Amino acid sequence: MMLEINVKKRLGQLVLNARLTIPGQGITGIFGISGSGKSSLINLVSGLIHPDEGNIRLNDRTLIDTANNICLAPNQRNIGYVFQDARLFPHYSVKGNLCYGIKRFNQQEFNRIVRLLGIEHLLARYPLTLSGGEKQRVAIGRALLSNPEMLLMDEPLSALDLPRKRELLAYLEKLSQEINIPILYVTHSLDELFRLADFVVLLDEGKVAAFDSLENLWQSPLFEPWQEQGQKSAVLSLPILNHNFSYKMTALLLGEQQLWVKLLNGDEGKTVRICIRSTDVSITLTVPEKTSIRNILSGKIITLLPKGNQVDVKIALGKDEIWASVSTWAAEELQLQIGQSVYAQIKAVSVM
């Protein structure tokens, strides 16, 4: 299963030119600054707008092919769409909204989706009585119950306040693990990208600047505008190794070494995404005998980037890499050089 996109579309002064093959599972984040063509890209997939030229294929079906005069209507594409606003029917109950558009009602599947989204207690209520987060959960349920081959989500959290965003993010994380269809997710929020996206399409002025896993793209110069000024960081996906319930800590496997974080929910082997900022990493040439820092990992220097009165140091920890920011004074005193074995003292780890 996959989505193949090869289209051009003029949108006022912007020309959207996209050529992509998106995997048939997981969440692909569509990311970029405002006006880069994010929403237009998924509207082309949905059929709400048509390309000037090109084609889009979903699995073995051609959705549109301008050269061969093929154009399936939106309702023929078997694609679910969740908009920024829930767009529920006010005169239908929650159950009525959920059932709208179902071709063949399946009670078992209905119950599964309702439980997954935590909306069992809302079925008899009407949209006017729901919070913004509840409305969006109902909208997501309605889209899923149409049994789509793909789900499109256009900034579904943008109209919500922070508590509701956090609430719905937790449901979206759960959703991504439970359903077996690809999701295209438009956002301009780094937090949503970190929490949800397996892959990222970075759009810049209508063109695909990059398409890769979030972990790889985060290291790219293309993502520097979104990183904290003057600070480098590494985004890693690591499996849970074990838990220490006495100290309320969880060990993640980083190469062949352990990285301790605050206690997490999850079985051994579950993958967790983390971020390590360069300002939270210091360097020592020997293992400290007594220290409060729990994460001291051995590695090798692979890059030295002088910058003003500091040096950014990239350290390889097996196949993974992190950054440390040290003063020029410290770098000279330690005589840091590429290929040198060092110990990275990691003072803080952010779990996404």
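Here, residue 1 is simply the first one shown, and the rest follow in order.
Any Cβ shown, glycine's included, is placed from N, Cα and C.
Owing to the predicted nature of the structure, the values given are computational and were not obtained by experimental measurement.
So that you can see what the record holds, here are the features copied from Swiss-Prot:
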BINDING   Gly32, Ile33, Ser34, Gly35, Ser36, Gly37, Lys38, Ser39  ATP binding site
DOMAIN    2-230  domain 'ABC transporter'
DOMAIN    290-352  domain 'Mop'
Secondary structure tally of the domain 'Mop' (290-352) (DSSP, helix then strand then coil):
6 helix, 37 strand, 20 coil
Which entry in the list of binding-site residues, Gly32, Gly35, Gly37, has its Cβ near the fewest other Cβ atoms, using 10 Å as the limit?
Gly35
Relative to the Cβ position of Ile33 (ATP binding site), how many further Cβ atoms are located within 10 Å?
13
Could you name the residues, excluding Gly32, Ile33, Ser34, Gly35, Ser36, Gly37, Lys38, Ser39, of the same chain that surround the ATP site, i.e. Cβ within 8 Å of the Cβ centre of those residues, in sequence order?
His188, Leu203
Taking the domain 'Mop' (290-352) alone, what is its mean pLDDT?
94
Among the binding-site residues Ser34, Ser36, Ser39, which residue has its Cβ surrounded by the fewest other Cβ atoms within 10 Å?
Ser34
